[in-house]
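A.B. asks: When I checked Swiss-Prot for this same protein, it listed these features:
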type	residues	note
DOMAIN	1-159	domain 'Obg'
DOMAIN	160-333	domain 'OBG-type G'
BINDING	166-173, 191-195, 213-216, 283-286, 314-316	GTP binding site
BINDING	173, 193	Mg(2+) binding site
């Protein structure tokens, strides 16, 4: 199935049902009074993370999603049915963003997690609610409020512990094949990898973590060169980045310039991502003699002013890959646990929360101000004819 990691959809929660104006009409019961019921609440729209989904392609072609409207109230104090909630299944790792305000509504990072993205309208009140000592036959009701409408931008961010960075043909896909059972396409031309790939690494029995390989970056990617930087977002949740450097490029380019270009594009995209722990990994060590390899690696480290971890491997020959995979596991385990700030029932702010109380208070205030002793002449009263 085609990998789609972005989609824009429109969600509409259901409107609340309106209240009913009705009076009790029953034999032998004079002056039955009001019996209009309330309407039902409108259905809300939720996103739910499902591990059985791995792409947003369904929402690329189906963009409009509406929850059910609440039913209107009826006589005999019958309340209308509430509208059914609409639950949209999305892959684990999906982020919901308000397309108009760019507000991040939430991240769905665990299976079964739900996020409320559009709240259904509040139900209207029937005339029974407005009965009082000064208004015995009310003909007032309130309408249901509109459901919330949002344009959502859905972004799928891969959940991985380790992310791979590097120029095209640096050997990232070969490395992920060497340390996991993933089988991304490998060839001797640039941009072989067109979509992100995930692999599960098992460095020792009972140990595992996930590694993500994204398409290669080139200088100017922030301006749209190559495949751009749109896939860098998949590294945002990684706990450590591996910067794969081709120590002996076939086109004769300087590894120092290539490394600086990658760091520059990373900083342009996100300073936060650029500040993540990052290790330098010199690949294709099998193409050079040991002394020449050491000399080149030391020159790159010196010119970059690099003070972090440095490793030399041959992904093709799998030299040093097993040791690197084990050290990555040890490093990940040494990090503090990630903050779990996502609330499975996270709700968005809704403007109608105090709607009913405000309406009732306002109407009762009007009656208290205008009430006089002559009930029949009250401005708010109505003529009611009861039949026996």
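Using N, Cα and C of the backbone, Cβ positions are placed for all residues, glycine too.
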A.B. asks: Just counting, how many other CB atoms are there within 10 A of the CB of residue 314 (GTP binding site)?
C.D. replies: 22
A.B. asks: Report the nearest neighbour of residue 173 (Mg(2+) binding site) in space among the binding-site residues 195, 215, 284, comparing Cα positions.
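C.D. replies: Ranked by Cα distance from residue 173 (Mg(2+) binding site), first place goes to 215.
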A.B. asks: Averaged over the domain 'OBG-type G' (160-333), what pLDDT does the prediction give?
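C.D. replies: On average, pLDDT over the domain 'OBG-type G' (160-333) sits at 83.
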A.B. asks: Tell me the Cβ neighbour count for residue 215 (GTP binding site), meaning other Cβ atoms within 10 Å of its Cβ, over all protein chains shown.
C.D. replies: 24
A.B. asks: In which DSSP state, out of helix, strand and coil, do we find residue 195 (GTP binding site)?
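C.D. replies: In the DSSP reduction, residue 195 (GTP binding site) maps to coil.
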A.B. asks: Return the single residue from the binding-site residues list (169, 173) that has the minimum number of other CB atoms within 10 Å.
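C.D. replies: Taking 169, 173 as the binding-site residues, the minimal 10 Å Cβ count falls on 169.
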A.B. asks: I'd like the Cβ neighbour count for residue 166 (GTP binding site), meaning other Cβ atoms within 10 Å of its Cβ, all protein chains included.
C.D. replies: 23
